[in-house]
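Q: Starting off with a structure, shown below.
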Amino acid sequence: MEIKSVGVIGAGQMGNGIAHVMALAGYDVRLNDVRQEALDQAVALITRNLDRQVSREKISAHERDTALARIKTTLDISAVGETDLVVEAATEREDVKHKIFESLGPHLRPNTILTSNTSSISITRLASRTDRPEKFMGFHFMNPVPVMQLVELIRGIATDQPTYQACLTVVNRLGKTAASAEDFPAFIVNRILIPMINEAVYTLYEGVGNVKSIDMAMKLGANHPMGPLELADFIGLDTCLAIMNVLHDGLADTKYRPCPLLTKYVEAGWLGRKTQRGFYDYRGDEPVPTR
Ligand code: CAA
């Protein structure tokens, strides 16, 4: 089946990036959120990021304008049900995701493919609560979506081949590359990346290094584009903690225990860039390490 329109649920960090790349690739996009303010902010951010691509001569002004014209925002989830492919990119909480798919259910076309951008929650479990587990998949983008090359495609136990093929075609049309992952906690990227970040937090917690030396060590010593603590702030410390908990619960191995210091930062509401404070303080002109 050919995908022409895409519904994106959740206009946050990931949702706005997904709407951006889908519109640029020629899909008609319905972007949905429960808050008008989130939709307005998303459109402003997509416009800024498209402008940046125009100024770097990655796209033309005409491509920017047609992409923006393809994005329709809506507070009404039923409008998303009319699309060919839905990408759910709401808060990383399983109860929230179940509620979204439940409220979307009655408005879906028979052939609509459902996907979730979840970074770690079981696709099989999310799918089992819908009326179409065979048309349900994980469609996991990396942040920042317009820049990162990879999309993880995760099949649930019931996902059928035409659904996988349709999603793979979308990934290719986006000019991105798909990695297939089996449906086990946190899939591939986060199974490896988030324990590394958690280990960096342990390294900080145990006083092996401070924020600056840990990040510098991994940037210059392992050629990572960002240090692990800077990256944790970028991803969101609440998201990192949630993924560690999914690994810990789902794989029942103590090697995945979240670092108490990560928990403490989250308890403080220091969630990284989005709250202006995490392992760095972003309130001034330059980020300042908090330890
Ligand atoms: N939209 C459009 N373009 C963007 C952008 C955005 N949101 N953000 C950055 N860019 C573009 C810039 O315009 C720039 O383009 P050119 O190459 O044409 O100049 C390019 O990306 C690089 O950006 P900058 O020069 O501003 O900054 P940088 O060189 O420091 O790179 C970065 C920024 C791409 C984010 C880089 O630091 C990086 O790759 N960091 C690691 C990111 C990462 O690991 N992401 C995965 C997180 S894990 C995840 O997402 C999974 C999960 O479930 C948690």
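Backbone N, Cα and C define each Cβ position, glycine as well.
According to TrEMBL, the protein has these features:
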type: BINDING; residues: Gly10, Ala11, Gly12, Gln13, Met14, Gly15, Asp33, Glu92, Lys97, Ser119, Asn143, Lys274; note: NAD(+) binding site
type: DOMAIN; residues: 6-183; note: domain '3-hydroxyacyl-CoA dehydrogenase NAD binding'
type: DOMAIN; residues: 187-282; note: domain '3-hydroxyacyl-CoA dehydrogenase C-terminal'
type: SITE; residues: His140; note: site 'Important for catalytic activity'
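Looking at the shown structure, what environment does each listed feature sit in?
A: All protein chains shown were included, and the count of other CB atoms within 10 Å of the CB of Asp33 (NAD(+) binding site) stands at 24.
Listed in sequence order, Asn117, Thr118, Ser119, Val151, Glu152, Leu153, Ile154, Ala181, Phe187, Val189 are the same-chain residues six or more apart from His140 (site 'Important for catalytic activity') with CB atoms under 8 A from its CB.
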Q: Translate the DSSP assignment of His140 (site 'Important for catalytic activity') into the three-state scheme.
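A: Where His140 (site 'Important for catalytic activity') sits, the three-state DSSP reduction gives strand.
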Q: Using DSSP, what is the helix/strand/coil residue split across the domain '3-hydroxyacyl-CoA dehydrogenase C-terminal' (187-282)?
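A: Within the domain '3-hydroxyacyl-CoA dehydrogenase C-terminal' (187-282) the tally stands at 66 helix, 4 strand, 26 coil.
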Q: Could you list, ordered by sequence, which of these binding-site residues: Gly10, Met14, Lys97, Asn143, have a Cβ under 6 Å from ligand 1?
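A: Listed by sequence, the hits are Asn143.
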Q: Select the most exposed residue of Gly10, Gly12, where exposure means the fewest other Cβ atoms within 10 Å, treating these as the binding-site residues.
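A: Minimum Cβ neighbour count within 10 Å, taken over the binding-site residues Gly10, Gly12, occurs at Gly12.
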Q: Per 10 Å Cβ neighbour count, which of the binding-site residues Met14, Asn143 ranks highest?
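A: Going through Met14, Asn143 one by one, the largest Cβ count within 10 Å is at Met14.
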Q: Using Cβ atoms only, which residues of the same chain lie under 8 Å from Lys97 (NAD(+) binding site) while being at least 6 residues apart in sequence?
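A: Same-chain residues close to Lys97 (NAD(+) binding site) (Cβ under 8 Å, separated by 6 or more) are Glu88, Ala90, Ser116, Thr118, Ile121, Leu126.
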